[in-house]
Structures are given as structure tokens and as C-alpha cells.
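Feature annotations, reproduced from TrEMBL:
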DOMAIN    13-443  domain 'Enolpyruvate transferase'
BINDING   Lys25, Gly99, Arg127, Gln176, Arg362, Arg407, Lys434  phosphoenolpyruvate binding site
BINDING   Lys25, Ser26, Arg30, Ser174, Ser175, Gln176, Ser207, Asp331, Lys358  3-phosphoshikimate binding site
ACT_SITE  Asp331  active site, proton acceptor
DOMAIN    456-664  domain 'Cytidylate kinase'
BINDING   Gly460, Pro461, Ser462, Ala463, Ser464, Gly465, Lys466, Gly467, Thr468  ATP binding site
Amino acid sequence: MYAIPFLDLPALAQIRGTVVLPGSKSISNRVLLLAALCEGTTVVHDALDSDDTRVMLAALQQLGVGVQVNGTTVAITGCGGRFAPSSAAPAELFLGNAGTAMRPLAAVLAVLGVPATLSGVARMHERPIGDLVDALRQFGCTVDYLGETGYPPIRVDQITENRQYSISVKGNVSSQFLTALLMALPLAVPSPDDQPIELRVEGELISKPYIEITLNLLARFGVIVRRDGWSRFTIQPGSRYRAPEHVYVEADASSASYFIAAGALACEGRGEDDCVRIKGVGADSIQGDIRFVDAARAMGADIRSGANWLEIRRGAWPLKAIDLDCNHIPDAAMTLAVMALYAEGTTVLRNIASWRVKETDRLSAMATELRKLGATVEEGGDFIAITPPRELGVWRAATIGTYDDHRMAMCFSLAAFNPAGLPVRILDPKCVAKTFPDYFEALLALARPRGEVPVICIDGPSASGKGTLASELAKRLGYHYLDSGALYRVTALAATRAGLSLDAEHEANIVRLIQTLNPRFDDGRIWLNGEDCGTAIRADDMGGKASQVSALPGVRAALLDLQRRAARLPGLVADGRDMGTVIFPQAPLKVFLTATPETRADRRHKQLMANGFDAKLSDLLADLQARDARDTQRSVAPLKPAEDAKPLDNSQLGIEESVQQVLSWWLALQPFAAT
Ligand SMILES: O=C(O)C1=C[C@@H](OP(=O)(O)O)[C@@H](O)[C@H](O)C1
Ligand SMILES: C=C(OP(=O)(O)O)C(=O)O
């Protein structure tokens, strides 16, 4: 996950490959709660692990439910409807911004009469719950508003005897209220002698396919609800949830929409593998958002599907504008709004008033951000009409606000395929954690850049602080980090261990050895053929040895490819001695970092002492000066600034000051207008 203030997506040209999507949010949270209401253990496989499911699991644990998480497998040991919170005080449940946790849990606790408070993030306190509370009160439930009437936070308490068995709920704000009642009310009629409960839906019911998911999963847990169309549901006496032992969660169909769209935009080619392949969700899905496939086809996408897979290619191009009632696919419809940027004509998405009460006011947010890209947008009370930028010159490099809405972030990543070749800046990319924490990683693993991957080169002499600066920059920008010096050290270590002397005589053998090396850098560690060799290569004698191998032209050539392959999306910060001059001569920003020999010797001394190595400052200074001389005078790729490198002497600068300096150079090169 990119937990950084913004992520710059370079212009993307193509996409192909296979993506295994995380589990469905709607199915995961329903199944976790239903399993908690059974006696016995249900093992939930392929569950979503995201903010929304974490708040559900944390709440269930607080209520005394057994929860064992092992990756995406979650074992829930239910309480048979008798929650046993650890303290006598009302449970205080924090449900983030998860509608699928807030609404169903509120209903279940209210119907069971379990004292609890339910709250969430600030936006959750602006998302309505009044229609659900009104329905619960008809059933004798005690629910009080702790803040504004009609909105969380709420407190539920013991149920009264003052209940009606025919209750009504409004369906026009959110289908989650009906879902919540359908899940909770069976708990009130466990005996065959109980009265049936009639649940009537008042007014139009929106987002109907989500009710299908609910009914489908209730049946999986042994509860069959009788229904008359969409307006009347009857909960039968003798309803009891039964643990199905194992439940498999489909991949999320709404998450699939971004990859379907990307395939329709940018997967050209006729080969068998020239497609975006989605695993885990397909034609047999119980999720309504699978019908996004029909909408994408109508816009021109070429989609093949099997029971639990999809294959997408670009079909018609440009895409065709559509005019569609999207009430049945409220979440995936947002993806259509961004696809509309690539269509000929005006796309109109209708009957989506519910967008206004989701993670943000999505009608307004979508209109604002699409306009930033150069589109013409009409925002109505319950519709949005999008006309793409008229011509290439109208497209803008936009800084996209995401409003703490995962779908805004995921949708607008698709703008990086724009025909003008402009990058897109996504603010607060970590908001995808609500349903798809590794969304950007998944997208960028399949996408190809339109031009070169952005690279920042940090070159400079030994102990100038290149590594600290480069790795910090990489962290701030969400870029990959290449420690090229470590590659030379790894080579020196492996050659020394293989008994090869590090000179021209053994050059060919060292080159052969490099072909067998499989170094891997991850999270500040360096692995060599499965061994964490970070400490071994940092020993001071390895510095000199690295310098010796690096003077061998064959070795440099063999490592060249390995280093260039490190330039992967979304970008790379490379530190070394010839990053800007030899390895990445096209890099848009090259920094030549220096400090006085005395400053560098002092830093190296401190570093060695901290790592438990003994060293004399005067020896280090002499070594450093000798190494500088060797590095600057060698015939192949001598250490020197690239002609277009910016010099940075950090003798008097703290790390943060150096980072800020380079960041400001980098940001000044980007085309984003201030917002
Ligand atoms: O029941 C569900 O799982 C959901 C129902 C829909 O909400 P509304 O019914 O409020 O439209 C949808 O937008 C949400 O992401 C998940
Ligand atoms: C509306 C959404 O979420 P929630 O389940 O919180 O309603 C969504 O995921 O788009």
C-alpha cells in the first residue's frame, strides 16, 4: 500500500497480464457476521483483508466472537446469537467508514438487545442511518442518536416488548438498511412457534442486486426468506443460522471493474496472452456489480468470461458513449464515468442519487475531478453527463483529490491511460485500503509506461549519504530503490567466497558468477540466493573489494542490465557512482551528492561503530581519499557528475534538508498545476 501523501502515475500505454483480485467486501462482511451468529466454527476462505473487514472483525472480537485470522482464511467461532462482550459496560464499536459493518451490526445488536455504541470516522457520521433506526424502533428496539438525529454515532440497548411483526423500511436511500434487517430479524424468531415477521419496503428500492447477495448468503447459512418481488419479505418462524463449515468468498466484482476498464482502454494485440485476465470472479458471480461487464461491453470492451474468470481486450476504439440507468451497479458505475473520458460523445449515467451519501458526495467529487482533466461535466441531482476533452491539447495533468474515497482513487488511476501522455497525481492513495489495499501495486504490475519509467539518479562519492537520501526519496514518492553499490558489494562477496581474486585475470569467471547471482532487495534488506547478506556486504573491507570489482569492464557490463531492469513503475530512485552518466543517462533528474572528505569519514566512522565494527577515523579518511582517487581515475565509468547533474553538497545539511531540496527539484519538473 502507498501510505504517502500523493502518488504520481506516469502516463500509461498498455496493460496485459493476470490479476488475482481480493475478496468481495459485500460478501466478506456479510459472511463474517453471519458466521458470528451461528453456533460452531465457519472457516471463511479468500476473505477480503481491508479496512472494512478489519473493523468488522475487531467489532466481532469485542463482542466475544472467536476470530482466528491466517492471511485470507478466517475462522469464526460464533456465539449462536448470544454475544458475550468482555466487560459489563456497553461495547464501544468503531466501524470506520464501512457501511456493510455499521448497518448490519446496528440491526443485529438492536434486535438481540446487546448494549453497544456504534461510531465511525467523521464521514460515517454524515451517512444516513435514520431509515434503519425507524424500522428497528417499530420492532421494539432501543436505538438512540448520540449526535445528529438520523446519523451515527448511535447507542443500542435492550429490546422492549413493544414490537410489531409487520414493519416497514424505506428503500430509496440505501439497500443496506433492508439487508441489515434481513440479517438481524431471523434472530428474533428462532422457534417454530414464533410469529412470522413481515418486512415491507416503502418506495423505490435502490441497489437491488445487493439484496440478492444478502438472500443468497442467508440461504447458505440456513435461513430462507420468503419474498414477494422487491416489496415484501417474510422472515419465517424457526429461522436459525447454521454454520456451513467452509465458505469461499468470490473476488470483488467492483474491484474487477478497474481492470476491466483498463483492458478495454489499453490492451491491444491479438495474441493469446494479449489480454487482462481476472481470476476469482466471472459469469457465475452472485455480485450485482458483475453486470458492469454488460456496460463495459456496450462501451466497446471485448470481454470473454467463464464461471470465475474474465478476459478483457480493447474492442471498439474510441469507446462508445452510453446513456445508462446505473441504479443496479452504483459502485462500478463510477468506473464508467472515467471510461467516458475515452468515448466518442457524451456518456450519461442516471439514477445514481445514492452517490451523494457514500464515502463522499461522489456526484460532486466525480464532476470536480473529471473537469480537472479537461472533461466537460454536467452534474445533476441524480445523474452525471461526461463529455471527454475535445482534443488532445485540452487534457490536463491533474492532481486528483480522492476525498478519502477508495473508488475515487482507483477510478482516476485509469486517467493515466490518457492519449495526451500526461501523468496523473493521485492524492492520498492509501484510501484504497477500504477495499483493495494493494490496488496500485496490482495495476502497476500489469501496466506499461508510455515513455521511460521516471528515474532519479543520486550519484556521489563514498559516504556522501547517497543511500540515506535515495532510499528516503524512494519512500516519499512510492518509488523503487536501487542501491547499485550493494550490487557491486554482493558481487565482491560472492567472488571472494568462490575464491576468485578480484582482478582482470578472473574477470571472465566473475562475470559468469554474476549470471548465477539472484540478488533481491526488499525493505532495506539484501538477499543473495536466499541469504540475508546485508551485514556481510557492509563490512568495511567489502567497500574496497567492491571498488576493485567495479573497475572491471566485464563486471560493469554484466551488472548494467540488472540495474536497468530495476526501473519499474511507478518510478525509481537509483544511487551509485554512474547512475546518471552510464546506467540511466535519460533520467530527468540527476543529483551529484558530495560532502567534504572529513565529513564523510566522520559519518562512515559513526556508521561502522553503530554496526559494531571497530575503525580509526584517520584510517577511514585515508581510505576514503584513496577510494575517491581510484573511483575518479578509473578508465571505465569514472566517478564524475553527469553534465546535467545538479550538485548538492550536504556537508552542512541535515538529511531532511537534503531530501526536501531534491524533492523540490523533482516536483518542479512535473507538469502538475497547483490545485
Ligand atoms: O450491501 C452492500 O454490500 C452494499 C450496498 C451498496 O450500497 P447502497 O445500498 O447504499 O447503494 C453499495 O454501494 C455498497 O458498496 C455495498
Ligand atoms: C459505498 C461503498 O461502501 P459502503 O459499504 O461503506 O457503503 C463502496 O464501497 O463503494
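Glycine is treated like the rest: Cβ placed from N, Cα and C.
Positions of the features from TrEMBL, shown on the structure.
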| residue | record | Cβ contacts under 8 Å, 6 or more apart |
| --- | --- | --- |
| Lys25 | phosphoenolpyruvate binding site | Leu48, Ser50, Asp52, Thr53, Thr100, Asp252, Ser254, Lys434, Thr435 |
| Arg30 | 3-phosphoshikimate binding site | Thr100, Pro104, Thr179, Met183, Ile213, Thr214, Leu217 |
| Gly99 | phosphoenolpyruvate binding site | Arg127, Ser174, Gln176, Lys358 |
| Ser175 | 3-phosphoshikimate binding site | Leu205, Ile206, Ser207, Lys208, Tyr210, Ile211 |
| Ser462 | ATP binding site | Gly543, Arg600, Arg604, Leu624, Arg627, Asp628, Asp631 |
| Ser464 | ATP binding site | Leu593, Thr594, Ala595, Arg600, Asn650 |
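Highlighted here would be the binding-site residues (Lys25, Ser462, Ser464, Lys466, Thr468) whose C-beta falls below 6 Å from ligand 1, but none qualifies. Taken over all pairs of the listed phosphoenolpyruvate-binding residues (Lys25, Gly99, Arg127, Gln176, Arg362, Arg407, Lys434), the Cα spread reaches a maximum of 19 Å, rounded to the nearest whole number.
Among the binding-site residues Arg30, Gly99, Ser464, the ones whose Cβ sits under 6 Å from an atom of ligand 2 are, in sequence order, Gly99. The Cα atom of Arg407 (phosphoenolpyruvate binding site) lies nearest to that of Asp331, taking the recorded positions Asp331, Gly460, Lys466, Thr468 as the candidates. Sequence-distant neighbours of Arg362 (phosphoenolpyruvate binding site) (same chain, 6+ apart, CB under 8 A from its CB) are Met334, Ile352, Trp355, Arg356, Asp405, Arg407, Met408.
Reported as a whole number, the C-alpha separation between Lys466 (ATP binding site) and Asp331 (active site, proton acceptor) equals 45 Å. Non-local neighbourhood of Thr468 (ATP binding site): Ile655, each in the same chain, at least six residues away, with C-beta under 8 Å from its C-beta.
When the binding-site residues Arg127, Lys358, Arg407, Lys434, Lys466 are scored by other C-beta atoms within 10 Å, Arg407 scores highest. Cβ environment of Gly460 (ATP binding site): Lys466, Arg577, Val591, Phe592, Leu593, Thr594 lie under 8 Å away, each six or more residues apart in the same chain. DSSP assigns Gly99 (phosphoenolpyruvate binding site) to a helix.
One residue stands out among the binding-site residues Gln176, Ser207 for having the most other Cβ atoms within 10 Å of its Cβ: Gln176. Contacts of Asp331 (active site, proton acceptor) defined by a Cβ separation under 8 A and a same-chain sequence distance of 6+ are given as Ser254, Ser257, Asp289, Arg407, in order along the sequence. Within 8 Å of the centroid defined by the CB atoms of Gly460, Pro461, Ser462, Ala463, Ser464, Gly465, Lys466, Gly467, Thr468, the record's ATP site, lie the Cβ atoms of Leu469, Asp575, Leu593, Ala595, Arg600, excluding the listed residues themselves.
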